[in-house]
Amino acid sequence: SAMASYYSGFLGCEEPHFLESCSLCRKHLGLNSDIFMYRGDKAFCSKECREEQIESDEAKEKSWKISARSLRKKSSEAAKDSAAGKTVRTGTLVVA
């Protein structure tokens, strides 16, 4: 049927299973070898590869937080500058 050929075509193009090779160095993970997991969907051949990925992810997250904080600061400064640039005049006009 058309549905069966769709699924067989889809499965034929599928990427290798995440437990087949190390997510960092791509070393093949054998059936009897230890597998070190990280975040539930990344497999590694060694503690060292897993630690390297963790450190890389933490560095990225830190830079994203710094970038987000910097953007918030710039937008709040721009809002202050535009508010400070507006002059509001109040007073009383007396006509005789």
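Cβ coordinates come from backbone N, Cα and C, glycine included.
The feature region 'Disordered', as given by TrEMBL for the ranges 37-56, 77-96, sits at 77-96. Model confidence over the zinc finger (17-61) stands at 93, taken as the mean pLDDT rounded to a whole number.
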